Amino acid sequence: MRTCYTGQVCRDHLGQTVTLYGWVNRRRDHGGVIFIDLRDRTGLAQIVFDPDNAGAFGTAERLRNEFCVRVTGLVRERPQGTTNAELASGEVEVLCRDVEILNPSVTPPFQLDDDNLSETTRLTHRVLDLRRPQMQRNLMLRYRVSIEVRKFLDQLGFIDIETPMLTKSTPEGARDYLVPSRVNAGHFFALPQSPQLFKQMLMVSGFDRYYQITKCFRDEDLRADRQPEFTQIDCETSFLTETEIRAVFESMIRHVFKVVQNVDLPDPFPIMTWTEAMARFGSDKPDMRVNLEFTDVADIMRDVDFKVFASAATTQGSRVVALRVPGGGELSRSEIDAYTQFVGIYGAKGLAYIKVNDVAKGREGLQSPIVKNLHDAALAELVKRTGAQDGDIIFFGADRAKVVNDALGALRVKIGHSEFGKKTGLFSGGWRPLWVVDFPMFEYDEEEGRYTAAHHPFTSPKDGHEDFLETDPSQAFAKAYDMVLNGWEIGGGSVRIHREEVQSKVFRALKIGPDEAREKFGFLLDALQYGAPPHGGIAFGLDRIVTMMTGADSIRDVIAFPKTQRAQDLLTQAPSSVDDKQLRELHIRLRNTEVK
């Protein structure tokens, strides 16, 4: 029986006989004495094989990397000069008395300490990839986060309740993953994008504090921070105000970071409205470590000769902003060209700029191809409003508001995170949480000619905004809130609609007629008529939080068995084709039988 884990062997075990299990990380033959580094999920221990023990030594000669073994031996101090300060077990070694090969290994396709492996190789051989110490640390940290979340919520009286994985497809949000029903021909379940409606049903049922750590599914195009199946810390409460809900879950995140990372997050978190965040940073999830922000200059540019600025300044739905970069005058032409190309990704047609060489000289102290198209009053007000000083550069965005927000918002972050930004103090580092609140309830879809829900259609309007649902949905703001950390949305929630008549108004604003609403959401509308309590909640992305804590490059590095950006599992080769018999049982016929 194992006496302790390999990485836990230390001076406390001196003189003791221990039994260890693990894998051969490395084998070394030093002049008749054989050493192996034995590895398990806790770390490494050095095992010594003396030729005087012929049986153990003979077995050691056959050991190779990744053999699974059991070792029994005496813990002793390492000889002077051979200690390894990088290992917890680095002051001791185990003199092997007995070793058993539990299972040999074929030659692995890569060395576990190879840091230059392609993601395809790593995901195809995920079993071996997960043996790598960094991956094991990532998953152990993920486990610790989950445990601390559960501890915190349990102490506050939250109940862990499971909700269905086979549910009903709804029209809002991303595409559903559909599951055909064998016993109900022509009908389909959907895998849940979130437990949203079920947790609201639980509130109506009287379970006033609910949570679960659960899988959710969205059939959408993937990025580094997205997976088709992801894990959500899902929570809902009754009888709490928006402020009280935020306070509970802010405390939870503060607790988790303190216990798991020994990080003290601010108390309380700053709060910013969506309107302010978009105006200052062009983003509803601003990275507050970057010490740059927008200055609106549309009013200055209405009557200038530069058509790009003047047109945007006088067109509804457009904006003209300036982004002053202190010390940015030192940026080279090639660096500015690279930034110009970068903002093009977000739809910007160019990147105008002005270098401020000498404020005292007025126009003559400004360097830019566009200066000649701006009159003296505009230039003077621009310098004054942005607070520009000698040696600065001012970048401009002038276009539809979405293009400006996306392009200049991304540029702000890119400059802040650059070597230049870090060198000049534009990036402060650390952990900078933020609540963004008061989101618009709706977004207008130009293609469909109707409003869509900005979050989801069950979010309550702010007090006094209910009438806008019928008169002007664009003016309706929601009791919605996102928790943002270092430029990432790690959690989002809202106060929910708990009155049937308000929910029906929202459906009408979304052009969901009574028949469609009854067909798709009849169970919700009915439930709201039975004394549904005021309620609200939040959901956190566990994968994203752990990615940030570990500093991993991709969310796939904190998930045991993730999918690729093509939503494929390279380990099991899923998704795969199925045979005709299975399709017939599901009442499905493929229109194109040629499977790629």
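Cβ coordinates are placed from backbone N, Cα and C, and glycine is handled just like the others.
Secondary structure at R218 (L-aspartate binding site), taken from DSSP and collapsed to helix, strand or coil, is coil. The L-aspartate binding site annotation in Swiss-Prot covers E172, R218, H455, R496.
What Swiss-Prot records for R218, D219, E220, Q227, E489, G541, L542, D543, R544 is ATP binding site. The Cβ of E220 (ATP binding site) lies under 8 Å from the Cβ of A174, R175, R226, P228, each on the same chain and at least six residues away in sequence.
Positions annotated as region 'Aspartate' by Swiss-Prot, on the basis of sequence analysis: 196-199. Long-range contacts of the region 'Aspartate' (196-199) within the same chain, counting only residues at least 6 positions beyond its ends with a Cβ under 8 Å from a Cβ of the stretch, are 163-164, 167, 170, 210, 234, 236, 456, 458, 521, 523-524, 537.
Less than 8 angstroms from the CB of H30 (site 'Important for tRNA non-discrimination') sits no same-chain residue that is six or more residues away. The site 'Important for tRNA non-discrimination' annotation in Swiss-Prot covers H30 (among others) and is backed by sequence analysis.
Residues annotated as site 'Important for tRNA non-discrimination' in Swiss-Prot: G81 (among others). Other C-beta atoms found within 10 angstroms of the C-beta of G81 (site 'Important for tRNA non-discrimination') number 5, with every protein chain shown included. DSSP assigns G81 (site 'Important for tRNA non-discrimination') to coil, not to a helix or a strand.
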Secondary structure tally of the region 'Aspartate' (196-199) (DSSP, helix then strand then coil): 4 helix, 0 strand, 0 coil
Of the recorded positions listed as G81, R218, R496, the one whose CA lies nearest the CA of R544 (ATP binding site): R218
